[in-house]
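Enquirer: Questions regarding the structure given below will be posed in turn.
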């Protein structure tokens, strides 16, 4: 009859550890509560809020340009008395690109939520960084091409005999300039988002 | 114990492989930077040396075309020159990334500067593209005349110099992604 109070029961696990399970080279990180995870989670929350702001900026830009039609009350012989965004192909590109950008940010909100829930995972952050960089290039292209056309519309060009149409179409020019400014704000948001993802990746 | 030692040996080989992969990424980045530098500098020079004077005289249109005549093209030349200077200045930093092991902070700095330069370059390229499109096609609704119908070689040159700049934008975006991948591989 064994007296169990005097014998120490060796658990089976230690014998299998002696047989050579993988020894720990580094310390396994706790993915939810370590200090680095808290810092990354804060960066992810800021990232999410910036995305909400960028949705507003992009959709304001697209909407303002889309509704910038103006019809002059009088008749002139040489110029059209109606102006809209579809008279200039660059502004058409602007509206389409900013709508796509706004749609993309809405679709990237779930991935941003994933980086909040799992702050130390690298794959969603890397995916967000890649997509954000590409979309930032598209937004910058749309914003600056519309800005160049707005500049010509405001100031004209003497060397090429391009007349400044803003002298007739004041409201149209104001609205398109406002849309361009809003899209540049969206570009700045995207730049900050890319840098945020980079900094968060460093601490993973 | 033997299998435990074998697994220790395997893991250290894994760390060596990781170091080799980081070095390959750094070398690839260095080469891409050089290619992007050549693209931007050639775009800037090609645009800056456009100059066409028509042999005949017309009453309504100037008979001399220059990149200075259009502010968007001037901005394009300046942006390309600035980005090519930036790429040359960061070539030593990219070289250091090949050699050094612990490069995280300098990679963050490089990502921040690369993002700013992508913004500048894309802005210059896109605004110049919009103006070149206008010069080619004109616009009926605003009575803007397509100047390319008079200035053929001027238009060809400014269209060609856009290509190098767009390639450099794509390369810079790829460089940002590579830096991020190299950052995320560290443990």
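From the backbone N, Cα and C atoms, a Cβ is placed for every residue, glycine too.
Because TrEMBL annotations are produced automatically, they should be read as predictions rather than curated entries.
This is the feature table in TrEMBL:
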type: DOMAIN; residues: B:23-171; note: domain 'Casparian strip membrane protein'
type: TRANSMEM; residues: B:30-50; note: transmembrane segment
type: TRANSMEM; residues: B:70-96; note: transmembrane segment
type: TRANSMEM; residues: B:108-135; note: transmembrane segment
type: TRANSMEM; residues: B:162-183; note: transmembrane segment
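Mind running through what each feature is packed against?
Expert: Remote same-chain partners of the transmembrane segment (B:30-50), defined as residues 6 or more beyond its termini with a Cβ less than 8 Å from a stretch Cβ, comprise 65-67, 73, 76-77, 80-81, 83-84, 87-88, 90-91, 94-95, 97-98, 121, 128, 154, 157-158, 160-165, 167-168, 171-172, 174-175, 178.
Cβ atoms under 8 Å from those of the transmembrane segment (B:70-96) belong to residues 26, 29-30, 33-34, 36-37, 40-41, 43-44, 47-48, 103, 106, 110, 113, 117, 120-121, 123-125, 127-128, 130-131, 135, 158, 161, 165, 168, 172 of the same chain, restricted to positions at least 6 beyond its ends.
A Cβ distance under 8 Å defines the sequence-distant neighbours of the transmembrane segment (B:108-135), meaning residues of its chain 6+ beyond its ends; these are 40, 47, 70, 72-73, 75-76, 78-80, 82-83, 86-87, 90, 93-94, 144, 146-148, 155, 158-159, 162, 165-166, 168-169, 172-173, 175-176, 179-180, 183.
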